[in-house]
């Protein structure tokens, strides 16, 4: 057994032997002996309660990805280019923690100054002390001199508080943060994290940036010195923002650059035939960004991966190279690793990584080095400079003006389906709080993480490689590897959300003449992600999923039309219509309960279809909060049944679980195991216990006048119920069009913007064949489901109508201003989700 593996095994056994019998473990995969040494240092020095770090050694990035896939390790850090490769078969890994960078500054000023001080490694140097949120500790002490003093929120020394060692220290008070930073911290954390909440942008002094941007809605606006919006500056997404002031925003991106010696004289368009040094073949900054620019500028002769691998093409472009991880002999000739380790995609190759690429250039093994801007140092500016794609050269500190593009920071990855994600997150967040040496090491540069890292940030659980990298970069990487396949303009790949839908879709595909193909996801969100990635083209979504889809950039192409009393729009496209025939959300009461109206429902007993449902929860809750200063719904009603709520809360008191199986403990379950769940359940709740039920208007007609034979419903009459109107009056249930809480927008077929015309054309053709009046409706029916209900389309759909896009904000255009104002006006975060958080990552 080799000594390095004996050492690795020893440390692994030691770390396991000291772990408690039931202690949780995070097995970190190290790609080299140097990374293993750093990992073992952390095992001994970074003690996180209840979670043990275990180091697993493999010989390369690819071997570590395999180990994680096979369950032999749990996590590793990858460059953004490697994240793409890891996301594919056979690895199927996903990013869970991001590594944000700061180009000039970071909002956590204390963390930045601390990192800079640690990087200098100067004996006797003052190192700021920061709290777990990245703020300055009120009292600062110099580790070498022993002097202590008080600071304000911005880290500035407070006059008269300096005390030498041995004397009683001044009492330091925690100073109030500037208003912007305080609001930012509340938005980002606090006791109650709300996804989609607006997070203010602050400058390094804690003042409001002149231009503010809402990460979820895409709106931007200008503010004054105290953060108040300046009238007339609000700009919707897709429009050019108002000019407030030039900014240098904090970014989670870095720059890919080309570094050369000043003594050389060639320009970017003269790279062919030169000797090259690269950080690695899987790296974005040292390889993929360069290839993309060379192809775009037509400097590289390459007919695509179908005819020739990109490595083969690049081996003919450069004379010789060192590209760790490459398979072409010519691309490894300049590497200097020992036998068996030469050109390895790990630190075992001395020229691996950003600092390795620089070393390759420095040792005159190459004419140009392709690496990341964070590896640049002012101390090299006398000898080196940047090679710019516009055929100029610039100083090293001008990397923002002279680069090959911006690319995302790397991430920590684990298995897509893993029970270790929470442990990994908890370990790294706690290690960060305890100021463990995650981001530096005496053993070398960029081990486990990049040395330029200031902090780690958890990603939304919905984030995958596509959502993290963004559309442009993801598809660029697919093109380089031959994974890209342009969708056909004559075929729609329809996404189905369950097995029954897939069966119906397959039947449709068989008679479509090749116009329809079928994909399958496990839920509507899965279909949204498939369409975003280009793996599917269309899906029909109910309104509760439309907000997420629109926030993620999809657009409605076609809408369902349900009004069977007016078939005109189906016969003649473009005919005017005012009623889609869709549902209305109503507040239903017993006619005998004369004293209740909309204005006095506080304290009453309420029945809801389920938490998150549009008619039974989102609309009534949004209205109540708007009209009652954001009242807490838990305490607004006397008692409720809102399936899906905390079982100990007031919102579950009226629920009864499963009357046929009281031992099942399903009270308040968001499923039919709660008798009061869903539309029928909420109506039953009203009949048996409640004062008001929030339901779609059709519920009363479907469960009265002999329509429902159940014991609790068989004798009910529709005339025994009334509607509560928002003006305080009441009305018969037949007046649902005028006495409602809100209309509900129709379901829509969504797709990518560039695919709208193709989807509309193909769907119109299929409807002419298999719609209600279709020529071939005896062969197949779009709006009928003999294997279930409402499959692919709602069964009461009369026809599909092209969405009439108006030149306004897409949210108001689809939802309609009344609905949009009702649901989102009071709190835009009301419908936020992990998917929206993932979709609204600011990409490079």
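A Cβ is built for glycine as well, from the same backbone N, Cα and C atoms used for every other residue.
A quick note: this is a predicted structure, and the numbers were derived from the prediction, not measured.
Annotation comment: Swiss-Prot describes 1-19 as signal peptide, evidence class experimental evidence.
What Swiss-Prot lists as domain 'Transferrin-like 1' is 26-106 (among others). Residue counts for the domain 'Transferrin-like 1' (26-106) under DSSP, split into helix (H, G, I), strand (E, B) and coil, are 30 helix, 23 strand, 28 coil.
Per Swiss-Prot, the feature disulfide bond maps to 29-64 (among others); the stated evidence is similarity to another entry. Every protein chain considered, the tally of other Cβ atoms within 10 Å of the Cβ of residue 29 (disulfide bond) stands at 26.
Per Swiss-Prot, the feature disulfide bond maps to 39-55 (among others); the stated evidence is similarity to another entry. For residue 39 (disulfide bond), applying a Cβ distance below 8 Å and a minimum sequence separation of six or more within one chain yields 28, 30, 53, 55, 448.
Taken from Swiss-Prot, the feature domain 'Thyroglobulin type-1 1' covers 107-172.
What Swiss-Prot records for 110-130 (among others) is disulfide bond. With a 10 A radius on its CB, residue 130 (disulfide bond) counts 21 other CB atoms from all the protein chains.
Following the DSSP three-state reduction, the secondary structure of residue 180 (disulfide bond) is helix. Taken from Swiss-Prot, the feature disulfide bond covers 180-202 (among others), and the record attributes it to similarity to another entry.
In three-state terms derived from DSSP, residue 222 (disulfide bond) belongs to an extended strand segment. What Swiss-Prot records for 222-244 (among others) is disulfide bond.
Under the heading domain 'Transferrin-like 1', Swiss-Prot lists 245-482 (among others).
In three-state terms derived from DSSP, residue 335 (disulfide bond) belongs to neither a helical nor a strand segment and is classed as coil. Marked as disulfide bond by Swiss-Prot on the basis of similarity to another entry: 322-335 (among others).
If you draw a 10 Å sphere around the CB of residue 332 (disulfide bond), it holds 23 other CB atoms from the protein chains shown. Marked as disulfide bond by Swiss-Prot: 332-343 (among others).
Annotated disulfide bond per Swiss-Prot: 388-402 (among others), in sequence order, evidence recorded as similarity to another entry. In sequence order, 257, 386, 387, 388, 389, 392, 393, 394 are the residues near residue 402 (disulfide bond), counting only same-chain partners six or more apart with C-beta under 8 A.
The domain 'Transferrin-like 2' annotation in Swiss-Prot covers 492-828.
Taking the Cβ of residue 527 (disulfide bond) as reference, residues of its chain lying under 8 Å away and at least six apart in sequence are, in sequence order, 495, 496, 497, 519, 521, 536, 539, 541. In the three-state DSSP reading, residue 527 (disulfide bond) counts as helix. Residues annotated as disulfide bond in Swiss-Prot, with similarity to another entry given as evidence: 495-527 (among others).
Swiss-Prot lists 505-518 (among others) with the feature disulfide bond, giving similarity to another entry as the kind of evidence. A C-beta separation below 8 Å, combined with a sequence spacing of at least six in one chain, links residue 505 (disulfide bond) to 494, 496, 516, 518, 792. In three-state terms derived from DSSP, residue 505 (disulfide bond) belongs to a helical segment.
DSSP classifies residue 839 (disulfide bond) as helix under the three-state reduction. Cβ-based neighbour count (10 Å, all protein chains) for residue 839 (disulfide bond) stands at 23. Per Swiss-Prot, disulfide bond is recorded for 552-839 (among others), and the stated evidence type is similarity to another entry.
Here the domain 'Transferrin-like 1' (26-106) has a mean pLDDT of 90 out of 100.
Rounded to a whole number, the distance between the Cα atoms of residue 739 (disulfide bond) and residue 552 (disulfide bond) is 33 Å.
The disulfide-bonded residues under consideration are 202, 725. Their Cβ neighbour counts within 10 Å are lowest for 725. Here the candidates are the disulfide-bonded residues 110, 222, 725. The one whose C-alpha lies nearest to that of residue 322 (disulfide bond) is 110.
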